[in-house]
Structures are given as structure tokens and as C-alpha cells.
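Data first, discussion second: the structure below is written as C-alpha cells.
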Amino acid sequence: MTVVTDVADLQALAKRRVPKMFYDYADTGSWTQSTYHENEAALQRQKLRQRVARNIDNRSVKTTMIGQDVAMPVALAPVGLTGMQHADGEILAAQAAEEFGVPFTLSTMSICSIEDVAENTKSPFWFQLYVMRDRGFSERLMQRAHTAGCSALVLTLDLQVLGQRHRDLKNGLSAPPKPKPLVLADLALKPRWCWNMLKTGRRQFGNIHGHVSGVDDMSSLAEWTNSQFDPSLDWSSVEWVKKHWDRKLILKGINDVEDAKIAADIGADAIVVSNHGGRQLDGALASYEVLGDIVDAVGDRIEVHFDGGIRSGQDIFKAVAMGAHSTYIGRAFIYGLGAMGKDGVTKVLEILHKELDVTMGLCGETDIANVGRHNLVL
Ligand SMILES: Cc1cc2nc3c(=O)[nH]c(=O)nc-3n(C[C@H](O)[C@H](O)[C@H](O)COP(=O)(O)O)c2cc1C
């Protein structure tokens, strides 16, 4: 195996080790995937101003996110089915994040449950909520997250209906995978994944399975889940969530200046400028393309977080320089997890940290707090 030097190396390894349907689930966008690819391309197009002969000894990329100390301006984004990229994936990723000193966000659609992750970590993590048609269930989810000590709720607003991802339909995505001939042939090539999966009991949607009456087997679970995303979700639903959650609230999936203003008026603690990693509205602007305008509109009233397309420390630096308070990584950590489990997530964090630190130095800065648009070629 060649030496792992960047996120792309881990992605290549994950592609070899993770069953096709789950690798494809991560490495995909909706419809033509134009927004998915633009997220990365927009960051690539941004050029940096290199500065020289400045004392760049003693650098620090430490900062805070919603008042919490973090080792760098990065959190692990909520990613559904993380426990299908690697057995017990949510627990392993949360442990890696905890040890590195960055927040971990557990998806509603996780395999390991809120309680599973809480039992296997020491510090509070964040919980991402999808508001379901069954509001009683959503309320119970918030209570469970509260009891588990989650310090922030990340409310996702951009998935009232699902953007179609062709590969998931073609692959017959399900958790656990259905034993069809093509799937079995693929699994035979992924013995490490199968062995780890056989050793764990966590193979269903942990936050849902056993928590909704009448939903006890795989097909009723899938049916219930698909019918539960709520197209009627609106800003009054956000107020409703706010009433039921007395800790930090982050609104995720903001991609428009007008929506950012409403989110700031509502009194959330942060917004995440995000288009769900290009998995929802194909044709929407790349996250990085809307970031600057949103920062200008609400950046003095609310923490503006950012995700979409981050694959390197240079990308993190660009987002922060454009005015993001901090960033999230989705696929980058998922590839690390699929490639090497917990060690792979740690490796991704180490790679990003080093790239961010060196990039900051070469731009002539020593403290991430001083990074700004003056570092960008605009
Ligand atoms: C496989 C996958 C599953 C995701 N599941 C969720 C989810 O359950 N909840 C959510 O709010 N966002 C979800 N997202 C979106 C991520 O939180 C994040 O916005 C996105 O991955 C950022 O883009 P990046 O992957 O290019 O870093 C998912 C993304 C991926 C790639």
C-alpha cells in the first residue's frame, strides 16, 4: 500500500474496502451531480495570496465553535448510514473526533443510536435532527439527545423532499444490504467489511429501530422512514424545535441570503451554509459561491458555518478567509472511516490540520483568528 498523504488516497482505499452501494451512497450527488462537483470546483478556483518574509513561527489554528474550544475550525458533519461505511462507524468517528478535539455530529439517520454513541464517548457530541411528520417522535428524539448530554442540536432544513440520487436507486441501497446475487458477489470482495459487520449488532437505523411501534423489520422500517420526511416543515416548525430545545441550536442547509436573514432573526446560535453536499437541489450554487454574500448579510449577528466540497486544509483556509467562522467535513471523514476505521478518521483530521497550518503560514498568518479576505485573490 502506498503511503497515505491526502484525502484522495483514503478515498481510493475506501472505494476498495467499502461495499459498492455504500461507497456510491457517499460519492454521489443528485441528478446530474453538477452542484456536487461545483462545490469542490468553486473552492479549487479560489486563489490565495502568498506572502513571504513574515515571521510565521508559533502558529495556531485553534478557535471556538458556538463557544466550544476546537483544535481547528472543523466539525464532523452529520452523515446518514455512517455505520454502513464501517461497522460501528458513528462510534469510531465520534471517538476520533473527541480525541482530536473537534465536534462530532450524529445524524438522525445513523446506524449507531444516540445512546450507543453517548455510552462510548466521554465528551458531549452534537445531534442532527430531521423533523419527521410524527412530531411526537421528533420530540422524543430531542429528549433522548438531551438526556445523552448532546450540547447542540443541528436542525437540517434542506431535506423536506429527497433529491434523487440515481446510483442509490440502481444499487438498491438498503441497510443492511439485501442478499441479492450482485450484492453478494460484491460483499465477497470486501471480507474485512463483512467480518467487522458480523461482529457488531448495529446494522439498522439505531435511532428509529425499536423506538417506533409497528416498525420492527427491515421493510417496515424503510417504509416508515421514507414516509416520514416532512414537506410541510417551515419556519414555524423551527420555532417549535426551538421551544423544545434549550441548548445551542444550529440551522443547517442555508443557501440563500434571505433565508440566512430569517435564520438570524429566529435567534439560532449558528447557521451552516450548505447544499447538503450537492445531494439535494442539483443546479443550486456551490456553497462557496454563496458564502461571501451570506457572511456580509448576517455575519455580525450569527456564527456562519460552512460545508460542501472540503477535501483539504487549503479548502478550510479559503472558507475561513471568505468569512466562515468554521467548517464541517462530510465525505472527507467518511472516506477515512471506510478506508481504515477510527484510524482513518484520525488520519483525515491530521492531514487537514497540517495542510491548514502550512497554508496559513505560507499566506503569512500565524493565528486563524486573523485570517480574512485579505488572504484571497478577489
Ligand atoms: C453520505 C452522506 C450522507 C449524509 N447524510 C446527512 C444527514 O443524515 N443529515 C444531514 O443533515 N446531512 C447529511 N449529509 C450532508 C452532510 O452533512 C454535509 O452537508 C455534506 O456532506 C458536506 O459536503 P462534503 O461531503 O462535500 O463535505 C450527508 C452527506 C453525505 C455525503
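Placement of Cβ uses the backbone N, Cα and C atoms for every residue, glycine included.
In sequence order, Thr156, Asp158, Leu159, Gly163, Gly253 make up the list of same-chain residues 6 or more apart from His276 (active site, proton acceptor) whose Cβ falls under 8 Å from its Cβ. Here TrEMBL flags His276 as active site, proton acceptor.
As annotated by TrEMBL, glyoxylate binding site applies to Tyr25, Arg165, His276, Arg279.
As annotated by TrEMBL, FMN binding site applies to 78-80, Ser107, Gln128, Tyr130, Thr156, Lys252, Ser274, 307-311, 330-331. DSSP assigns Gly308 (FMN binding site) to coil, not to a helix or a strand.
According to TrEMBL, the feature domain 'FMN hydroxy acid dehydrogenase' maps to 1-378. Confidence annotation: the domain 'FMN hydroxy acid dehydrogenase' (1-378) carries a mean pLDDT of 96 in the model.
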Neighbourhood of Tyr25 (glyoxylate binding site), C-beta criterion under 8 angstroms, separation at least six: Leu81, Met84, Arg165, Arg167, Asp168, Asn171, Leu173
Lowest local Cβ density (other Cβ within 10 Å) among binding-site residues: Pro78, Gly80, Gly308, Gly330: Gly80
Protein Cβ atoms within 10 Å of Arg165 (glyoxylate binding site), excluding its own: 22
Glyoxylate site shell beyond Tyr25, Arg165, His276, Arg279, criterion: Cβ within 8 Å of Cβ centroid: Thr28, Gly29, Ser30, Gly163, Asp168, Gly277, Gly278, Gln280
